[in-house]
Amino acid sequence: MEEQLIPIQWKDDALVLLDQTLLPNEVVYESFNTAEGVWDAIQVMKVRGAPAIGVSAAYGVYLGVKEFVESTEAEFIDEVKRVCAYLATSRPTAVNLFWALERMESVATDHTHLSITQLKDRLLEEAKEIHREDEEINRQIGEHALTLFHDGMGVLTHCNAGALATTKYGTATAPMYLAKEKGWDLKIYSDETRPRLQGSTLTALELQRAGIDVTVITDNMAAMVMSQGKIDAVIVGCDRVAANGDVANKIGTLGVSILAKYYNIPFYVAAPTPTIDLKTPTGKEIPIEERDASEVINRFGQYSAPKESKVYNPAFDVTPHENVTAIITEKGIVKAPFTENLKKLFQ
């Protein structure tokens, strides 16, 4: 087993991120000391995955105000709000980003009695707490998910909802790591996940390094492997779950869910409760990020289509709740009716 890749670290008063745009060919860690640097790292996907984005943004708030010139507490709180609003513009779909920023802003607005120095310390403590919580949440998701798995089963996953998308274990991959600890032999199939190939460059990489049996397939092979009986379950992560159970996840997830439904294969969504957005009624209201055309037609520095081609490049799609067998959270497994049962998680 190779050395573990650590996507997020806090060292020497700086945020240290594994540059995931360079994987699997290079392992490079980069330090960030400003909110602007963190914003850019999120936007260009040096760090990606909803939980990891949230943790990084929380540290970004602290970095954005740690050098704030001493003035009044009210001016400092305004600066915290400004930095939070700025970081919120980095990527629009992952609700963990906004959840983490709201927590950081609340630290400032709920502790107006503290001095500026004390508020800075409190902001850093909150960012570290968000970081710690994520690891425990992921393990709990894995433990619940493992009750749906058995030794020897074939599991398909899409994109990367692994340890590289979180702080440890991942969400969709958490049961895979825990199964490995139990001595189980799961056979994982990882869609390469066009256009950025997170399934092949990230999921396959981290599972292989952990000694987990993983096979890479192209996105258009999913139907074939399902028809051959190789897949017993599908498990994916998510960037946002609407109140009715609709799920926004990496582009291509919708198609996988349709195939799973056709072949009567359980389709599971691993979702930390911070990704559940009860304020958004359905998937239709979830904003879908569109990214640059170059990701589709110039992925490897050479055009795979005419340079002038029109390109549509949504980064996410929405899987309707009807296609979802269960949503697996750190608090337990949620099944339909989702509108009613998701609410119970927060009561």
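Each Cβ is built from the backbone N, Cα and C atoms, and glycine gets one as well.
According to DSSP, ASP239 (active site, proton donor) is assigned to coil rather than to any helix or strand. ASP239 (active site, proton donor): 32 other CB atoms within 10 A of its CB, across all protein chains. The active site, proton donor annotation in Swiss-Prot covers ASP239.
Residues annotated as substrate binding site in Swiss-Prot: ARG48, GLY49, ALA50, ARG91, GLN198, ASN249, LYS250. According to DSSP, ARG91 (substrate binding site) sits in a coil region rather than a helix or strand.
The site 'Transition state stabilizer' annotation in Swiss-Prot covers CYS159 and rests on sequence analysis. In the three-state DSSP assignment, the secondary structure recorded for CYS159 (site 'Transition state stabilizer') is coil.
DSSP gives GLN198 (substrate binding site) a helix state. For CYS159 (site 'Transition state stabilizer'), the spatially nearest entry among the recorded positions GLY49, ASP239, LYS250 is LYS250, judged by CA separation.
Taking the Cβ of ASN249 (substrate binding site) as reference, residues of its chain lying under 8 Å away and at least six apart in sequence are, in sequence order, HIS158, CYS159, VAL236, GLY237, CYS238, ASP239, VAL269, PHE316, ASP317, THR319. Same-chain neighbours of the substrate site beyond ARG48, GLY49, ALA50, ARG91, GLN198, ASN249, LYS250, judged by a C-beta within 8 angstroms of the site's C-beta center, are, in sequence order, ILE53, ALA94, CYS159, ASN160, ALA161, ALA165, GLY237, ASP239, ALA315, PHE316.
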